[in-house]
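Comments concern the structure below.
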Amino acid sequence: MESSINSPTSFSSTTINYPAWCVEDVPVNQDELKEIFQDLQNKFGFQVSSMENMYHHMMNQLDSRTSRTTPSSALNSLHMSYIGGDNANFKKWFLSTKIDIDDNIGFNELKLNVGSSNRRNKKFAKKRNSKLQKIEKVDEKLYNFNLNLNFNNYNNAISNSSSNNDSNFYFLLKHFGFYKNKNKNKNARDNFNKSMNYVWRFKMSNLTPYLMARQIALYLLIWGEANNLRFTPELLCFLFKCAWDYDVATSANNENYNNGDITSQNRGLPYEIKTEYTFLNDIISPIYNFLRGQLYNLDKDKNLTISKEIDHKHIIGYDDINQLFWYPEGIERIVLKEKDENNQVQRLIDKPLNQRYLYLKDVNWSKVFYKTYKEKRTWLHSITNFNRFWIIHLTSFWYFTSLNSPIIYTKNYYQLLDNPPLPQVKYTIISIGGTIACLIQIFATIFEWGFIPRQWPGAQHLKYRMFWLVICFLINFLPTLYILLRFGLSIYSHHAYYISIIQLIFSILISIFFAIRPLGGLFSSYLNKDFKKRRYNSSLVFTSSFPKLKGRSKFFSYSLWFLIFVAKFIESYFFLTLSLRDPIRVLYILDMSRCNGDRLIGNFLCQFQPIITLALMLLTDLALFFLDTYLWYIICNSLFSILLSFSLGTSILTPWKNIFSRLPQRIQSKLLSEDDMNYKLGSKTLVSHIWNAIIVSMYREHLLSIESTKPLLFLQRPTAPNSYKKSIDSPKFFIEHDDSTFKTNFFATTSEAERRISFFAQSLSTPIIQPSTVETMPTFTVLIPHYSEKILFSLNEIIKEESVNAKITILEYLRELYKNDWKNFIADTKLIYTKEDSSIDENFGIMSSSLPNNSNDMIRDNSIKGLDVTSNENVINGNINLQFGRGINNRRDRKVTRKVIRLNSNKTVTQSITETNVETKSSVNESFISNFKRSKDQSTSQLATEIDSSYNDEAKMVDELIQKKIDHLPYEVYGFKTSEDFYTLRTRVWASLRTQTLYRTVTGFMNYSKALKILYSIENSSIFETYHNDPEGLDTILDNIINRKFKMLIAMQRYTKFNPNEIEAIEILLRGYPYINISYLAEEKDEETNETYYYSCLTDGFQEVDLETNLRKPIYKIRLSGNPILGDGKSDNQNHSIIFYRGEYIQVVDANQDNYLEECFKIRSILNEFEESSIDRALDYIIPEEGAELEEVKLPPPVAIVGAREYIFSENIGVLGDIAAGKEQTFGTLFARTLAEIGGKLHYGHPDFINAIFMTTRGGLSKAQKSLHLNEDIYAGMNAICRGGRIKHSDYYQCGKGRDLGFSSILNFTTKIGAGMGEQLLSREYYYLGTQLPIDRFLSFFYAHPGFHLNNVFISLAVQLFFLFLINLGSLNYETITCNYDKNYPITSLEKPIGCYNIQPALNWVSIFVLSIFIVFFIAFAPLLILELLEKGIWKATTRFMHHLFSMAPLFEVFVCQVYSNSLLGNLTFGGAKYISTGRGFAIQRVSFPILYSRFVTVSIYSGIQVFIMLIFATITMWQPALLWFWITVVSMCFAPFIFNPHQFSFPEFFLDYRRFLIWLFSGNNKYKRESWATYVKHNRAKYTGYKKISIGDSSEKDIGNVKKPKFKNIFFMEIFAPFFIFMFNFTSYTFINAQTGVQDAELTHSIIRLLIVTFIPIVFNLVINICFIPISLFIILPFSLCIKGSNDITAFVPHILSVIIYLVDFEIMWYLQEWNFARTLILLITSINLQIFLFKTFTILFITREYKTNKTNMVWWSGKWKNTERGLSIRIIPIREFFIKLMESSYFAADFYLGHLLLYLQTPLIFVAFIDYWHSMTLYWLKPMNIFAPKKVFFKKEKSRRRRRIIGYFLLYFFILGIFITLLMIPLFINKVIPKQENILYRTMFASLMQPSKTDNNDTGVNAPLTILTTTPVTPTYKTVA
C-alpha cells in the first residue's frame, strides 16, 4: 500500500516500497524528489492528491528500472523514455514541429507554409520592421551556432575552412561523417536528421540528474491532471514545453539549473505561489470545456444533456485538437481573448518564450481549433483509402473479362462463323484496364481533396499528383479513342496495331504501378518533400513511421501475398472468367425482336432483356471476383500459420516425443532464472514446487479429484526405514508419458485440467525468452475496466430460473456442463462439513516440506481456495496466504465469510442481505421439491442396481439407501446441506468461477501474485534460513517484493452507484485481495453554485469503510474538469484510471477473462518480449571523444504491444457459444500468429500487454471520440503502428476469455463490431494506413480488418444481384423456346430447333455461382477446423466440425454475415453507432416471437422473404438442383432467430407466442407500450426522419434515444437509389414475362398499367379509409372513448384489419389478372412490393418531418382528442403529418401481419414432431436429452385454467386463419372448372387489356421460325487494310 507523502511516515516507508532506489548512490535522493514535486505543485497549482499520486508513480518506475541497472542509468533511461530518447514522443514532437527554431528566433520570424499564417507573420513583421526568414536558412545558422558551441576543439578548423556560415555548417557535418558532399548526397534527409539528433543529444547530455528528474516530474504532473486531454499527446508536449520554459525562467535561485539550462532564455522571472486547482482551472478546463461543447449541451444544473445533432465532420475532436500542435502554423493560430492596445489580435507566439505559460489561461480556444480531417459519412473514403484494392480487382477483372468477350467488339459477328475481332481493337479494348486504374486514382485524389482541409499544414498538395494522373489517363485513353474513331471495328491498320500493343504494355505497367505504389507517395512521397524545410516532418513522424519488416517477416509477407494472388488469378480466370465466355457469347447475340411487349411501350424494353440479364451476370461475377481474394487470403493465411506453428513447435502434429517426460527439465530451464540461483536445492526439488503448486491449484478449483491428484504430484518418501532422509519421487504422470506414450487415465473425459496441462507442456517446448529474476523484473499492472458486468452471483441468481421463460436454472445448467467439477466440489464440501480442520496434506500426503526449515507454509492452504479472505490484522501481521485454488474450504473461511457478509454490521446492507437470505431459503424450499422429483428417478434406478449386487435383505437396505440418497440429495442439487453463509458462498463462488464474472477475472489474474511469490521463494531459498523463526516477517518480505512488481487496478466507474449486492460482492474481493486497487468516479455537488464536481479516486482493501455509503474511503481524490465520460464509456473509464497504474507495462484485460497459475509463471518471459530488459540505451546521451566520428546506433523500433493467445472457455457451451468461441480463437490465435509475423496485427483490447510509457505518451490505451471510436481498442494499435511501434504476438502464453453465448447477445456484439467498422472507415487512421503503407503491409492490414467486413457486404451484394439475375433469366427461360444444347458440339454448330433461344450456358452458370457462394460460406469453418487440427488432432477437429454441422451452425453463419453487412451499411447510411451491452449470460431463456421478430425483421427477415419469393419464382421458371442451397439461405435469413431460440417449439408456448404476437400487433395505441408494433414502426421511421428535440415529459420519451436525422446525400444511395435499382430489374423481368414472346398475332396488354393498378389499389383504399376516419374519430370515436376504456386499440383495429383484407383481395386480383398463372403472379407481386417500398421510402425521406419523441401523436389520432394536445405539439401540422403516416402504416401493418403469420405457419409442422423440444434443446445446449431439465412449472389452479383456455382459444384462431389462407390459395384450382373462360368476363370492356393471356402458343421455332434466321454458314467478312 502506498503512503501519502504529506504524512509523517511517508518517506520512512518509501524505503520499504522502493528499496532499489532508496540507496546511497542515487543521483537524486528521495528528499530532492519530494522537493521537486512540492516546488512544482506550488509553482503551477497542481492538486496535492495528484502530486502524491504522480510521486509514487515516478518512484515506482525508478524502482522498477533500478532493480535491473544502476540508479543513474535508470533515471537516464526514464528520461529518455519520456523526454529525450530517440523513441520519446516529446523529442519527436520537438524536432518535427520545429520547436528548436521557435526557441532561437521564434515562429513569428519564420516564413510559414500555410498562406494565412504566413500573411499574419508578414503583417506583424512589418510592424516590427523585421524580415521573415526561411526555415532552411535558419536551420543552417542554428546548427552552425550549436556546432560551434558544442565542438570547441574544432574552432580552428572552422575558422580555417571558410568564413561563410553555410560552408562552416556543412564542413562540420562532413567532418563528423554526416555529409560527404554538399551538393551530391543521396541520403541528404538522413544526414540532416543525424545533425539535428546530434545537437539534441548534446543538449540532453548537459542535463543534470536533478533537471532530468524535474522534467519527468513536470511532465507527469501535467499528464496526471490532464484528464480527457491525455488523448492529445502533442498538446501535452506543448503544455510541458511552455511550463518548462516558465519553470526555468522562474528558477534563478536554484543552483541545479546552472549547468543544465537547455533554453536560451534569461532566468529571474518572478512568480507567485499558485493555489490548488489553478493548473486544472486555468489550463486544462478551458480546453476540456471546448471539447465537451462539441458534443454536449449543459442544462441549468450544468449537467450533460443530449448530444448535439451533428456528425463527425463538424465535430472538432481529440485528433483535430492534437494535430494543431504538429506544425508551427497550428501553434501560430493560438490567439488570446483580449486584444492589444491597438485593437489587434494577440498571438501567443508573439509573447516571450518564458512567459507564454502565463498567457495560456487567456487563450481563446474556440478560435484556435479547426477540423484537420473531415470524417464525412460516405463510402467515398473507401475509394481513397483502399484505392489499390479497387485497382487490383477492377483492372484484372477487366483484363480477364474483355479478353474472353471478343464478341462484344466484333463487327458483324455470326454464331455459325465465330469470326474474331481485329487484333488492334482487341488490344485497345483490353488496354482500357489501365484507363480504369487512372480513373480510380483520379477519383481517389478528388475525394481526398474533400477529406483533408487545405488549411491544415500537413495536407498534401495534390495538384502535382493530379496533373500526372491526367497525363497517364490521356496516354491510356487517347489511343483507344483514336483507333476506334479513326478506324472503327472494320478497318485494319498496321500502325494502329503497333499503337495498341504499346498501349497494352503501358496499360499493364501503369496498372501494376498504381496497384503497388501508395497513394500518398504515388509519384514521389510528399512526406520526404522539402526535407530541408522540415515541411512534413510531423506527418512523417506521427502517421508514417511504420516499423520495417526484416528477414523472415519480410519474406513471409511478400511470399504470402504473392501466393494469394497467384492462386486467386489462376482460379478466377479458369473458374469464373472462362465460365462467362459462353454465356456472354449467347446472351449478347440473342435476338429478342420477336417479343411483342407492352401496349404502352411496345417491345422497346423486352428486346434488351438478354443484355439486361448479361449485365446482371457480369455484376454478379464481379462480386464473386472480389470474394475470391478473401477466400484465398483465409486459405493461405491458415497455411502460413501452420508453417509458423510447426516452426514454433506449437502444433500437435509436430513430433511431441518426450514432451511430458522432459517437462520438469523445461520448467527449470525456461521458467526459472539462472541468475543468482541458489543451487543448494536439487533440480527436482526446484521443479516440484512449481509443478505441485499447479496441480494443487487445479485441485482447489475442483478440476481434479483427490484420487486423480496423487499420481500427478511430486511425493517424498523416506530413503530407508526409520530414516529422516527423504527422497522425491516424480509423478507417475511423467513416467508413463515417456516416449510420447500418451495415456488419458489421469484425467476425466474432456477435462479442463488435461487441456491446461497439455498446453503448458506444449508451450514450454517452444522458444521462450529467458526470464529475469523476480527482483530484477519490471513492474507491471493488470488493468480491468468494469462497468456493469456481474461481479459475483447471488444465490437467488443461480438457483432460480432467470424468468418464466427459462426452464432450467443456471446452477442446473452448470452442473450438467461441468459434471466432474461438481462431483469434486461436492466431495470437497462433504469433507469440510465432516472434518473442517483437515488439510490436503492429511488427505493424500503431498510433499510439503521440500523447502528447508520452515518452508511448509509455502504449500499449506490455511484459508480460502481462491479468496485470500483474511482479516486486516492477519494481513498486516504477515500471514502468508499462497492459495492455489479459488473456492472456500474450511472453518476459518466460515468466520471470515460471516465477517464479509456483515460488512461491519451496517444496518442497511445487513437488512438487504438478511432479506436476500430469507428469500433464498424460501427459494431453496420451493425448488427443492421439484429438484428432488427430478433426482429421485435417477436415484431409484441407481439404487436398484446397488441392491441387487450388494444386499439380501432388500426392504431394510432399500430404506437405508434411500435415506442415504436423501441425505446426499441437497449436495447434489445445491452443493450444500445447510444454508449457512459460508456454504452458500462456496456454491456462489463455484458457479461464478464457471461463468463470465469479475470474480473469475480477478482471482485468475491474482495468480500473478502467487506465481511470483513461489518463484521468488525458489530463487531465494536462503530467506527461509533468515526468517526461520519469523513467519510473519517472511510473509512481509514476500508481500513487499510482489507488491513492488505487480499491481491490479480495476477501473470500476460505477463504484459509488453500486447496489447492496454489488457492494457485498466487491467487499468479498477486497477482503480476499486487499492489495487490489479500485479506481472510480465520485461526484460531489456544490450546494452554493449547484455545480457537480467530478473526481478520479483510488481505493484498496486497506482503507476504512465509510459507514454512510458502505464504500471504501479513497487514497487519492483528484478533481477533474468535468464529467470524463464524453465518449462511449470504456475508453474514458480506462483514461481516468490510467493515472493510477504503476510500473512499465500494463496488461489490458476485460472483465470476462481468466488466468491460470501455470501461465502466470511465464510472466517474466512475456515482459522480456518488450526487449527492454537491458537499459544500456542511456548511451544515447554520450558524446564522442574529440576527433572521433559519431556512430549512430540504430535501435530496433520499440515494442509497443505484445499480444497473447486466448482460450475461449465458453466453447462447448452450446452451439452458439462454441461458434462465437471458435471465431475468437481463430482470430486471436491462428490469424494473430501470422499477422504479427507480417506486421498486420493491431491491438484488440485483450489480453495484450502494453508498453505503458510508449502508449501513454502517445494518447493512451485507446481513443474516445463518441461513436467514431466505438471499437476503441483497435485505434491504439493503429496509433502505435503509425508512430513507429511494433506489435508482437506470443504463442506460448494464454489467458482465458469468455464470449457471448446467446443468439441476441452474439448478434448485438456483431452489430457493435459492424457499426464500429463503419466508423473506422471514416477515420483518419484508415486514411494514413491505406495511403501510405507498402503494398504487402497494406494488404495485410486491409484483409485482416476492413476486408473482412467488406467481404460480408460483397456476399450480401452478390446474393441480391444473383437473384435479380435469376428472376430475369427465369423470365427469359419461361417465355422462350430453348435450344438443344450440347457443350461438346462446336460453337459454330447450327442451333436446333431453328429459331430457338440458346440460353443454356447462362443456366449452367447458375451452378457455378452457387458453388462459389457455397465455398465462400463454408470457408468460414476452415480456420477453426485447421486450428483444432493443429492443436487437438484430427479426431477432435472432426468431432467439433460435425457438432457444428448437426447443430445447424451454417444457418447461423449465413445470418451473421447478413447482420455484419446490415450493421456496416446502416452505420454508413444513418450513423448512430453506439455501444451495445451484449450480456454474456447463458442462453437458457426463451425469447417471445414478437421480440425476435421486431429485433431481426429489418436486419434480415424482410430481405429473406423477398429472396424467398424470388426463389419460388426461379424454382418454377428454371428449376436446377443447385438452387437447393439457396433454400438453406432463405431458412437462415428468415428463421435463424427462431431456430436458435431455446424451447421455440414447445407446444403450449408456441400458441401463447401467437397470442403475444397479436397483442404486439394491435397494442400501443391506447397507451404507450414499449414492446408493440406502434412503437416498433415509429422507431423504424425515425431512422429517416430523426426526432424533434421537443420533450413534454411523457413516459414514452424515456426509451427514445437521440436519433439524428441523416443527411439526404448519405441516405440517397442506400435508401432511394438501391430500392429503385431493385425495382427496375424486377420491372424488366415482369415486363418480359408478359411480353408474349413468340406469340404470333398477339394482342398487346397493359402490363405496366396492371402493375400500377395492383400497386395503388391498397394505397387508394387505405387513403379512403383514413379520410373517412377523420370525421368518424371526431364525432363517433371521441364520445365513444369517453365511455369505454382502451377504445384506441379498438378503433385502430378496424383500419388495420381492413388493410389486411384489402391486401389479400389485391393479391387475388393480381392472380386473376395474370389469368391464374402462378409464376407471372409472383413476379407481379415482387415488382409491386418493391415499387411500394421505393415510393414509401422516397416519400418518407422527402416529405415526412421529424418524429416526436412522445407517443401522444399516435394516440391522439386514434382517439380524436386533438383539443387536449400537449404544449409543444403543433395542432396544425400533426393531423396532416399523421394522415400520411397512417396511410403508409396501414400497408406496413398488413405486411407485418402476413409475414408474421407466414413465419409461424412454416414452423407449425415442427411443433407436432414428438419430443421436438428435447431434441431442439439438445442441439442448442449440447447436452444429452436425459440431462435436459424441463420440469413442468407449477401454476395455481386459476392460472393453469386461464393458460389452458388461452392455448385452446388461440389454437383455434391460429388454424382458422390458416384455413382462410389455404382456401384462398386453392381457389384457382376450382375456379377454372366453375368459370372455364374467365377472359370473357372482361371482354369488350375497358379492362380487357389488363388481362394477361396465359394459354397462348409461343413456339415460333422450327417450321414456324422466321425466314430471316441464318441456317447456313455465311461468308467470312473481309476487312479493309490501311497503313
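From the backbone N, Cα and C atoms, a Cβ is placed for every residue, glycine too.
Annotations in TrEMBL come from automatic prediction, not curation.
Of the candidate ranges 1347-1367, 1809-1829, TrEMBL annotates residues 1347-1367 with the feature transmembrane segment.
Ranked by number of Cβ pairs under 8 Å to the transmembrane segment (1496-1516), the listed stretches 497-516, 1405-1430, 1719-1745 are led by 1719-1745.
Counted with DSSP, the domain '1,3-beta-glucan synthase component FKS1-like' (210-339) comes out as 76 helix, 12 strand, 42 coil. Within the chain, the transmembrane segment (464-485) has long-range Cβ neighbours (under 8 A, six or more residues past its boundaries) at 424-425, 428-429, 431-432, 434-435, 437-439, 441-442, 445-446, 493, 496, 499-500, 502-503, 506-507, 510, 522-523. Stretch with the most C-beta contacts under 8 angstroms to the transmembrane segment (1405-1430), considering only 497-516, 1347-1367, 1719-1745: 1347-1367. Just going by CB pairs under 8 A, the stretch in 390-409, 497-516, 1719-1745 that sits most against the transmembrane segment (1690-1713) is 1719-1745. Taken together, the residues in the domain '1,3-beta-glucan synthase component FKS1-like' (210-339) have a mean pLDDT of 86 on the 0 to 100 scale.
Within its own chain, the transmembrane segment (1847-1871) is flanked in space by residues 1548, 1551-1552, 1554-1555, 1558, 1704, 1707-1708, 1711, 1716, 1718, 1797, 1800-1801, 1804, 1878, which lie at least six positions past its ends and keep a Cβ under 8 Å from the stretch.
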